[in-house]
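Novice: According to Swiss-Prot, the record shows the following:
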ACT_SITE  Ser580  active site, charge relay system
ACT_SITE  Asp664  active site, charge relay system
ACT_SITE  His700  active site, charge relay system
Amino acid sequence: MSVPQWDPYPPVSRDETSAITYQSKLCGSVTVRDPYSALEVPFDDSEETKAFVHAQRKFARTYLDEIPDRETWLQTLKESWNYRRFTVPKRESDGYTYFEYNDGLQSQMSLRRVKVSEEDTILTESGPGGELFFDPNLLSLDGNAALTGSMMSPCGKYWAYGVSEHGSDWMTTYVRKTSSPHMPSQEKGKDPGRMDDVIRYSRFFIVYWSSDSKGFFYSRYPPEDDEGKGNTPAQNCMVYYHRLGEKQEKDTLVYEDPEHPFWLWALQLSPSGRYALLTASRDASHTQLAKIADIGTSDIQNGIQWLTIHDQWQARFVIIGDDDSTIYFMTNLEAKNYLVATLDIRHSEAGVKTLVAENPDALLISASILSTDKLVLVYLHNARHEIHVHDLNTGKPIRQIFDNLIGQFSLSGRRDDNDMFVFHSGFTSPGTIYRFRLNEDSNKGTLFRAVQVPGLNLSDFTTESVFYPSKDGTPIHMFITRLKDTPVDGTAPVYIYGYGGFALAMLPTFSVSTLLFCKIYRAMYVVPNIRGGSEFGESWHREGMLDKKQNVFDDFNAATKWLVANKYANKYNVAIRGGSNGGVLTTACANQAPELYRCVITIGGIIDMLRFPKFTFGALWRSEYGDPEDPEDFDFIYKYSPYHNIPSGDVVLPAMLFFTAAYDDRVSPLHSFKHVAALQYNFPNGPNPVLMRIDLNTGHFAGKSTQKMLEETADEYSFIGKSMGLVMCAQNEHASKQWSCVVT
C-alpha cells in the first residue's frame, strides 16, 4: 500500500497502563483501558494537551488549505450569504417593535426597532428599516461577542441583556435605558450608554424583571465557577434578586441548595409579575421540583414564602399566565405530550386542573395567552409545526391557523394586543412573516415581510417526504431536498444530517449553505427523523434513549441502506454529519457500518460515553444516556460508546473531519481529542484521512461570527468534495448534467 498524503499523523503519547474499572451487571468488574486519558487535562493546564492541539491544528490546516476547491467554496459562500435576513418582530412595553437584523455578512445579528404606529414603514424602505437599538458587532473587534438573551422591564424604560464571548456558556448581564440606543458610528470594542449594573457568574440568560421595574431575578454560580475554559462541572446554582443601581455584591439571595450542588435552580415570573415559579432540574429529563409564591405579598429582602406544588421528579412546569389567583401552566404532569393546566393558589389543596387536555398524537411545544382571552398553542405533529387557537376561559378549540404551511413557526404577541406575528420557514423557504389578527375570524394572516435570497432560485428545489423501515421494522420519516432536475439514479452525492436525542426535533430548516451544496455538487440533502427526537411525540424520544440508544444508530444506518436500495444514492457517495449529541451518532455509525459511508463530519461531539458525566454539563445527560457507574447502565453504554468500539483489522474507515473548540464549555473537546488520537493510532496508513479542526477562539455552537461559520463550512464542503471526488458545477458547466462519483 502506498503511503498516503497524511502519513505520518502527529505523534501523541499513549499510556498503555491507564485504565478504569467499572462494575457490570453481566460481567462483574470490567477494566477499561483509556490510553489517552492525559488529553482530558484542559488546554491551558497541560503542555501535553497544548502540544497535541497545536500539532493537530497545523496538520489539518495544511491538508485543508491544499484542497483546490476550498477558496472557491469560501468565496461562493460569502457571495451567497450576503442577503438581508431578520427575525419575527416583537412589540415591547416601550411602544416599539423590535427585530433582529443582518444585512448579509455582519458577524452578529443587530437589534433594531420601530414605533408600533410606524411598523408598516419598514416594508417600503430599501434598508433594514427602523433605527438601530443594539449592535453586538460593536462589542468586540473580532465579532465573537454575542447577544445571548434580553428582557424589557415592565415600565419600558430599561433593557437587561446578556453578552457571551467566543461561544462560551458563561455570560455577563448588563442594563441600558431604552432611551440610550447604540450609535452606528460607535467605536468597536466599546459599549457606551449602558448603566453601571454588571451581573457575572451566570450560565445562560434567565432574567425576570419584578413588576415595579426596580430590579430583576436571575440565576448564578459562585465566583470560583466562572471559568469557562475548563472541564470542571459548575456547582451550586443560586437564584438572586438585583436592584438597579447597586453592586452585584449587594444582591439579595433568593434561594440556594448546598445539599444538591449539581441541581439547576431557576425562577420564572408570571406575565403580571405577581407570581414566581421556582424550579429545580437535576438532569436533561423534562422533570422538575416546583415551588410557587405570591411575591406581590412577599418581602424579597426578608425571604419569600414558598408553596411546594410538586415534590417528585415526575413533571415540568412552565408558567404562561395569571388572572387574579389563577395561574396557567404548560406541563407534562401525567401527560407526556404536555397539556395546559390551571392552579388556584388560594385553593392549592385542590391541585392542578386540566384546561386543554393532552393530544396523544402531537407534542405541545409552546403556549401563549394573547389578545385577552386567546390561548395560542404550537404543536409538533408528524415532523411539522401546527398552530391552534383555543378559548382561554373554556379551553375549547376555536380554529387551526396557517394549516396550509408546512415547516416550522415562531410567534410573538402580547395579551393586551390583538395582533400576533408569525414567522414561517422551511428547507426551501428562508422566512416569511405574517401579521395575524386574533380578534378576526380567519385562519390566515396578511403578509408582513419576507426574506429574499438573490442569486438562488428557490423554486428550482424540492423537498420530498418519505418513510422507510428501520432494522426492527419501525417506519421512519425522512426529508430529501434536491434540485428538481437532480437525477434519482444513484449518481448524485447524498449528505445526511442526524441528531437523535434529547427530544430535539429535526424540522424543515432553511440554510443557504445546504442549498448551495445541493446545487454545486448536484447533491441531495437528507434529514431522517430518527428516534430520540420528538417529531412524533415524547414516545419517539423515549424509544431512542438509555438502553434503546441503539435504535438511533439503526434508524440512521437504515436510512442510508434505503437510499441506496431506492437509487437515491450508491455506496460510494454518502456523507454524514452530526454535532453534539449527533456526534455520538456519526461516530457510532462509522464504527458499526463504515462500509456505508464515504465521509463523516462530526462537530463538537460527545464520544467517550464512559467519562461524559465527569465534565462540564455531562452529569445532566445521564437521564438521556444512562450512568456509566450504574452496573446495568454500563452494559448498554459500553456496548456502543464510540471511543471504546473503534474497529480494527482490515476495516476501511470513511474520511473523517472532526470540528471542536479548545474552550468548548458545553461538550468538552477531550471527546474529540481522545477519539481522533485513537483513530489515528489504529489506522495510521488508512486510505482515508482522519483530521481534527480545532478552534482556539470559539465555544460549542452559539455566538460564532459569520466569518467563522463561512470558514468552517468552506472547510467542511471542500473536504467532502475531495473525499468523494466531487466536481463543483460552478467550475464545470457540464457537471450539472453529467456528474458522476469519482472513486479515489
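Every residue, even glycine, has its Cβ placed from backbone N, Cα and C.
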Novice: Would you please pick out, from the active-site residues Ser580, Asp664, His700, the one with the fewest other Cβ atoms within 10 Å of its Cβ?
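Specialist: Sparsest of the active-site residues Ser580, Asp664, His700 by Cβ contacts within 10 Å: Ser580.
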Novice: Express the distance between the Cα positions of Ser580 (active site, charge relay system) and His700 (active site, charge relay system) as a whole number of Å.
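Specialist: Roughly 8 Å, rounded to the nearest whole number.
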Novice: Using Cα coordinates, what distance in whole Å links His700 (active site, charge relay system) and Asp664 (active site, charge relay system)?
Specialist: 5
